[in-house]
Amino acid sequence: MNLHEYQGKELLNSFGVRIQRGIVANNHKKAVEAAKQLATETGTDWWIVKAQIHAGGRGKGGGVKLAKSLDEVSTISENIIGMMLKTPQTPPQGKKVNQVLIAEDVYYPGENEPEEYYMSVLLNRATGRNMVMYSTEGGMDIEGVAEKTPHLIFTEEIDPLIGLQPFQARKIAFNLGLSGGALKEMIKFVTSLYTAFVKSDASLFEINPVLKTSDNKILAVDSKVVIDDSALFRHKDLAQLRDLREENEIEVEANAAGLNYVDLDGNVGCMVNGAGLAMSTMDLIKQSGGEPANFLDVGGTADAKRVETAFRIILKDPNVKAILVNIFGGIVRCDRVAQGIIDAYKNMGDAIKIPIIVRLQGTNAKEAKELIDASGLDVISATEFQEAADKVKEVLK
Ligand code: GDP
Ligand code: MN
């Protein structure tokens, strides 16, 4: 589950990580109130207005703007709230901005120039350990740094038993070229950041930029936080932060119906029981020249009601031109599933206008095929896996 920047920063702050302070607002009047309150609390007289969407690259897309007066806070917020913000990470049509974060300006001039660093915490799947990834080259183009000058990105792996050690925190701060008060601040920053990561069961923290202010404070200016969905049951407070407006509508609906569904770009809808079979079904569709439109694991109880829900969800995707149902009857009997498919099809009246290819294999597969063939419905049955994929290919032509 992704958090918004403002939610991620509040989470970090609750673990003692210093952040650029801000207040979220969903209209320009509240934005001005937020700016006034920040002025009182922090003494700032400039603000930065930041679109809150689940995508990075907002700066490049015009979703992050500096305001030098309350009037500017008002007009900038009015422009940004409600806009379809396009960034390199959004879908082509952009994402609708529902709220802005009004934050204190932390790039004020002083004895030094402000410096932007990059820091993330994530799992290294190759070693099975968390690592801190960091670079002096923070700011808006870390992807470019990773591509052109990867040697400027450092990693520090962390032993899961003993956690981030003080010498590691010091090494990170030294490698970032820090000394004196800023070095001490960075040690505290990375130590509390790592604690926050572990305690909140996060799968990704990305703080870009981490800023050294002109008066040597270290703070998080941005935050990308992803919490492991499988751990949300023990983080009720974090689970509440979910913003469904930011998520794929069909996936939200499928999850609410207890279906394991992932939306994809192709044209062949898949309804499969078991995640492994679902993956191989997607592979076979691709090998036969089609493109899967989704991953869908209907689970063990593929009864009429569940099959109907699954059909309705698959059909919400306008790109779907055919549906492949691939069920292995192990615990569930194929004839039951076949009856479920027939009932669902009939229940749906004329909602199904595209070809459906059904492959049922396992217990009572023969009876199942007979049921489908005798149903008189526009359903194509197949016995072998490859045969099913070939039939999909045929109907797509
Ligand atoms: P992203 O583009 O979605 O990653 O959004 P960020 O939160 O990283 O902000 C983009 C850029 O806005 C940063 O890299 C900074 O250069 C700039 N920025 C952020 N906060 C401030 C601020 O307080 N003052 C000024 N002048 N610029 C800021
Ligand atoms: Mn950023």
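Heads up, the Cβ atoms here are built off N, Cα and C, so glycines get one too.
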*Have a look through Asn273, Asn294, Asn319, Asn347 and flag the one TrEMBL assigns to the substrate site that Gly330, Ile331, Val332 belong to.*
Asn273
*Work through the binding-site residues one by one (Val106, Ile331, Val332) and point out the residue whose CB has the fewest other CB atoms within 10 angstroms.*
Ile331
*Between the binding-site residues Asn208, Asp222, Gly330, Val332, which lies closest to Lys50 (ATP binding site), Cα to Cα?*
Asp222
*For ligand 2, pick out the binding-site residues Val106, Asn208, Val332 that have a CB under 6 angstroms away from one of its atoms.*
Asn208
*asked:* What whole-number Å value do you get for the CA-CA distance of Val106 (ATP binding site) and Asp222 (Mg(2+) binding site)?
replied: 12
